[in-house]
Amino acid sequence: MWLLFLFLFASLAATGDGNGDNGSRVYVVYMGAVPPRSSPDLLRESHFRLIETVLKRGQKAETVIVQQYKHGFSGFAARLSKDEAASLRTRHGVVSVFADPVYQLHTTRSWDFLQQTAVKIDSKAAATSPATDTIIGLLDSGIWPESPSFDDSGFGPVPSRWKGICMTGDDFNSSNCNRKLIGARYYDLSEVRGPVDGSNSPRDRAGHGTHTSSTAAGNAVAGASYYGLAPGTAKGGSATSRVAMYRVCSEAGCAGSAILAGFDDAIADGVDIISVSLGASPYFRPDFSDDPIAIGSFHAVAKGVTVVCSAGNSGPEAATVVNAAPWILTVGATTIDRDFESDVVLGGNNSAVKGGAINFSNLDKSPKYPLITGAAAKSSSVSDSDSASHCEPGTLDSSKIKGKIVVCNHSDGDTSKIDKVDILNSAGAVGSILVNNAEVAVATAYLDFPVTEVSSAAAAAIHKYIASNSQPVATITPTTTVTEYKPAPVVAYFSSRGPSAQTGNLLKPDIAAPGVNILASWIPTSSLPVGQKQPSQFNLVSGTSMACPHVAGVVATVKAWNPTWSPGAIRSAIMTTATELNNDRAPMTTDSGSVATPYDYGAGQVHPTAALDPGLVYEIGEDAYLQFLCNYGYNASKIKLITSIPSGFSCAANASKDLISNLNYPSISIVGLSKTGSRTVTRAVTNVGALEEATYTVSVSAPAGLNVKVTPSKFEFTKTIKKLAFQVNFSSRNMAAKSTLSGSITWSDGKHMVRSPFVVTS
């Protein structure tokens, strides 16, 4: 489960150590867009000349440069002293200079479930995707090319527009690429703290990149399972797409300099979509001009490449969403209708207590194993009963737990579950029951040691039984797969939530997708259940890392059907067709059972079929992003360094973060309504439906206490009128302090339902 929780510790490793004996470290020097009439060779020489202006006499640029960015944008990463970096910040043409950060990875039935919960519509979506050779590039931990998910049987020649390569490295050569896996690169990860295993290769040593790649675009592989669990056909969202891997991460983290290099190469190589399942800690949130993901994605989108990123795994706390730039499609995580059940059978005539985890228990089916709580097994040398009840290391008496099933509480801040269980196993316990409210929906793999996890409500029956029996006994059943589980989807507890701390007037995340217990391809492992001779080719993993490639697969399919659509149009199609309902036809909830809001899931759960035919789209181009940067606080001089700007462009005198609400985004967010009592925003929609002549009318779903008026309330599209604008006025006289209200605006022609969520805070 390290993939799921490693992100939480990124704030402790926000930048790599990288300090040499002379006090140097790697810095990224970002220089904005590639200048007109330039070339990679010219940029290379200009970078060398620039850096040599701050180096000691006689020192060559080649000896300090780590990466160069020469295709999608301009810049370099180099080993510099603090003073040299400071000097470069003052040089003409430099947008920003920042220490190389270390980001973290945000660690099948999911696709079938998305189709089942989707509202059925009559559209071309019922057909399979056209074979248009969409290329998905992934910035991740590498790839395991031997996986059947990347077999190229049935694929035609590699698209002629592809300019990428298959790099040779440790245990990897050009023959590992094929007509499915068409490209693979790796980058210098020496600045990432911690052990770097096999970093000189595109080959995946963590499993993460293999999992995300196959989720986005893996072939359909029949008979897939995790040692018999979750059986079925594993398939990616866009199985006809090609895959290109850019290895920018090791198990220890992802170097910002490598992330930028991955973006730069992916743009030049010719990918259509970039999927990024990693990010900064919400507690180390760099400015856009200091954020490798924000920088790389800005220039990718400017070239027509859609960028999809995970929202982060720091939920359920508010304002933890990352990768929140408006040019990024930001994805939160939800559950699917599959559960992994492992029950507790108590002695006597008691009913089984429902639990969940992945274990291949060989305990007897009858309840004959003594049952004890951690508190009752407390060591006499320990005074803290609470720590003992959580089975913290060193708090239990081994003689009291030997041969028994131990009931342990578990909560955030505890020793990891895996470590607790390993200690119990070593002490002679025969099994464990973890009482864990937050994480109970995420099935942790304990393999041979019998462990299950129960909610505190379910644990009440266990504690009552123990209290009423002098010799309580129980057993733990091996895991079984439960399908058609309800309710689903539910917003995953770990999924990072809005509002964005950077841009409160922009709703993030944008969308939600399956990210809990997702079955996809994996690397070979030496940890096998008893009786298994071969490692599973698949694994069950959770995180917004898993949600992100689901949406990347949808993007690829939408792009295949609509090859001329811009990244903004594709995002709009995905957001405005999302669903807010679960498989009980009720509003989606969070893991705690409360009704979910747009801060939890953005526009809702992605609907792959409906996104192919949205009816209307909210277009947004680079000019709009320039205005966003003005309103965010950048001046025209800095923006001119970042990208090419139209002649005469300037930031408005009244530019402010409040005006970010006017960005032509498929959702609306307004902060501080109580200051004025009323706010009006403008949006424009473009008709992309099959009928050029179409009439749309608006409906509003607003909570009590908030007045929402849309003007006009009716649109008439014709052969010559394809784009129309409207205004939305929000007003409230008695909005409570620090309150948040949400609802939606929907345009419909009787066939399409073009829904935009809104959130208003006081």
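Each position is counted from 1, following the chain as shown.
From the backbone N, Cα and C atoms, a Cβ is placed for every residue, glycine too.
Those TrEMBL annotations? Automatic predictions, nothing curated.
What TrEMBL lists as signal peptide is 1-18.
The domain 'Inhibitor I9' feature in TrEMBL is assigned to 26-106.
Sequence annotations record features per position, and here TrEMBL assigns domain 'Peptidase S8/S53' to 133-590.
Here TrEMBL flags 193-216 as region 'Disordered'.
What TrEMBL lists as domain 'PA' is 387-462.
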Counts by DSSP class (helix H/G/I, strand E/B, coil) across the domain 'PA' (387-462): 24 helix, 18 strand, 34 coil
Residues in the domain 'Inhibitor I9' (26-106) grouped by DSSP into helix, strand and remaining coil: 24 helix, 25 strand, 32 coil
Within the predicted model, mean pLDDT of the domain 'Peptidase S8/S53' (133-590): 95
